[in-house]
């Protein structure tokens, strides 16, 4: 299998707040073949209303994919193409990669705030 057929997607955990905040993202690392789909789970236990999904490409700053201002209320950020989100409760904000592409090789972040 050639390297051109693989899409390496790196995941990271973003700690928000002054202490160890309760935001977790899983899996931390994953490699996908081009065309595969997967869901990045994000959970927070601080009862925050606002949640955000970002990506950071090599040598670039953070770019907002999607955000949510409350359960069941989501909106697109600057780079939503190829992704879907849902937020059925306050705690969870999963991000689904519909069909992995090499252009989605990135570090992904999840954050929450009041």
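Quick reminder: no glycine exception, Cβ is built from N, Cα and C everywhere.
Features of the protein shown, as given by Swiss-Prot:
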- 42-110: disulfide bond (DISULFID)
- 22-114: domain 'Ig-like' (DOMAIN)
- 84: N-linked glycosylation site (CARBOHYD)
- 1-21: signal peptide (SIGNAL)
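Swiss-Prot feature annotations superimposed on the structure.
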residue	record	CB count, 10 Å
42	disulfide bond	26
84	N-linked glycosylation site	15
110	disulfide bond	26
The mean pLDDT across the domain 'Ig-like' (22-114) is 96
Rounding to whole Å, the Cα atoms of residue 110 (disulfide bond) and the residue listed as 'N-linked glycosylation site' are apart by 14
Checked against DSSP, the composition of the domain 'Ig-like' (22-114) is 3 helix, 50 strand, 40 coil
